[in-house]
Each structure stands twice: as C-alpha cells, then as structure tokens.
C-alpha cells in the first residue's frame, strides 16, 4: 500500500512503468492492466469528462480572515452529509462516480484540499497534517455554521489521515461516522522511504490530457477509465514554457510533512468517538494496534477485492454501497442517529 497516490503515470514510448516499491507493487504495475494498442480513436476513449454529470454544484468556499479559497463539489439534497477528502495528488473529483451513486440517499461533499485541484491558498505547499486538518474544519464551519447536519467523514490515503485527525479533534458538532480508505499506519510508514524514488520515476510531462488519462489506467494508480476521465484533468496543470501538462501538486516538495501524516494514526483512529469503518484494497495490512482494535470490535473492516489503491474510483458503485450500508446500519439520519419514536442528536 502507498500512503499517497505516488505511482507512475508514464508517457507512451517510455516502456513499461516502474513498479511502485513495497509489498503491493503488483497493484500499480502495467501488468495488471491489459495492454491497449495506441490508436487515433483512443483520444476519444480517454477524453475528459465534466464534473457536472456526477455532482450537482461546484462551490468556492472562502475562509474568513485568510486568502484561502477551497473548491467544493456537492451532490444530493437529502440525508446526512458524506464529506469526502481525497488522497495526495488526487482531487475532490476522485469521488465523482461514487457521488452519483450516493446522492439519492445522502448529501455528498468533496473538497479539493490545499495545493490540489482548484483550491487556492496563501501557501499551497503547506501540506502539514495540522494545516490540512484546520482547513477541513474551517470549510465545514463556513458551510454549515454552528449547527451542522449529521456528518460522516470519508478520507482516502492522505485524506484518510486528515479525516482521522479532524475526528480526533472533536471540534465538529454532529459528527457520526468515520470512513478511512486504504491507509494503515504500519505499511504507510514503512513505504515512506520509497516515495521520492517513486515520484522521480514518474513521467513528468504529458503532451495532452488524454495521454495522462490513458496512462493513469495503463500504468498509473487507476483502473476505471470513466473515473480517470473525470478526475485526472483536475490533477494536472499546463506548463506554458514546456507546452505540455504536468502535475498540479508537487508532492516531492512536501516530504517534510509525510511522516506526520501517518505517525500514530492507528491509535488516533481507534480513539475517535464515532462509528468507524476501514476499507482496504488487500489483505494482511493491519498493524498490531488495528488488529487488537478489530478483535475488540472497535471498528468494522471491509476488504474490497479487484481494486487498486483508489477504491472509490476503481469500484465506485461497490464503494457507494459500503458507505450507504454504513449509514443505514448505524441509523444515521439527516440530523443525527434516529431511533423509532425518538431522534437522538449527538453533540461532540
């Protein structure tokens, strides 16, 4: 498992992409995806798709007394809020397909974190866990004020760490659930030594957005072409000087923050006073603290088969069903936990 989406997006003509270092390198290698011949019609096959087919609205959330403005996608008008946080190098559109499967029963919100997507801040390179956590709390407060609806925090990879830290701060009123996607402290910490090599092995430039999308599923982190067509464009920026596309987020410049993303994560996750579920893309990943916690029934764990690191992108319908089942099983309504004949609204 990788702590962030740092696997390769290779350009055509560069040969087979380098496998990500670590125990699950096969999940990120080109060998797991059938080779596709490069043809002219492939440009249409990998053409970008607009967010509006999946989300209902795109909002700009300005944080008072700062220069920070966060881009937020929303879908749905009923049920509790499923507030989604993407991994490092991804964007809020990582949850686009999943949102389309959830929005009839929940209000889905997916923000672009600092330094990602369309969000703009005074320091896009400050990806410290403290700053990312403060950002999310500030966005939720700006959107919902002092009396928010019932909220379920969902976080993938780096975003999973942010979700845990937000929940552990106990500053979000009416928080009822925590969903962490494919990140475990033990394996994440062990893989950090490989991250700069993985980053340096990536293709750094793409002649077109279509080529970046194509390689994201051929040799990169994704396995779902439709999701890649929606999410990958928001992870790129155009380099005028080189006349090509490169990465929106320079993850290699944020190394000093990586360790703190995952250090102590398991104990912090277990300490969060809300219902919890851990979705994993493979087996035998629990570290000692989580293994004991699971045996004690402190959280639910689901292993999702036939998917890569980005579960919400690769199998969005199955992912959505896990989230909706979590909401239903814990009787989380639009305002809190609902019991027949009684509505109980939890505070902190």
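The backbone N, Cα and C atoms fix where each Cβ goes, glycine too.
Some features that TrEMBL has for this protein:
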- 157: active site (ACT_SITE)
- 182: active site (ACT_SITE)
- 309: active site (ACT_SITE)
- 16-31: compositional bias 'Low complexity' (COMPBIAS)
- 82-320: domain 'AB hydrolase-1' (DOMAIN)
- 1-39: region 'Disordered' (REGION)
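Each of the active-site residues 157, 182 was scored by the number of other CB atoms within 10 A of its CB, and the lowest score belongs to 182.
When the Cα atoms are compared, residue 157 (active site) and residue 182 (active site) turn out to be 6 Å apart. Recorded residues residue 309 (active site) and residue 182 (active site) have their alpha carbons 6 Å apart, per Cα-Cα distance. Cβ neighbour count for residue 309 (active site) (all protein chains, 10 Å cutoff from its Cβ): 28.
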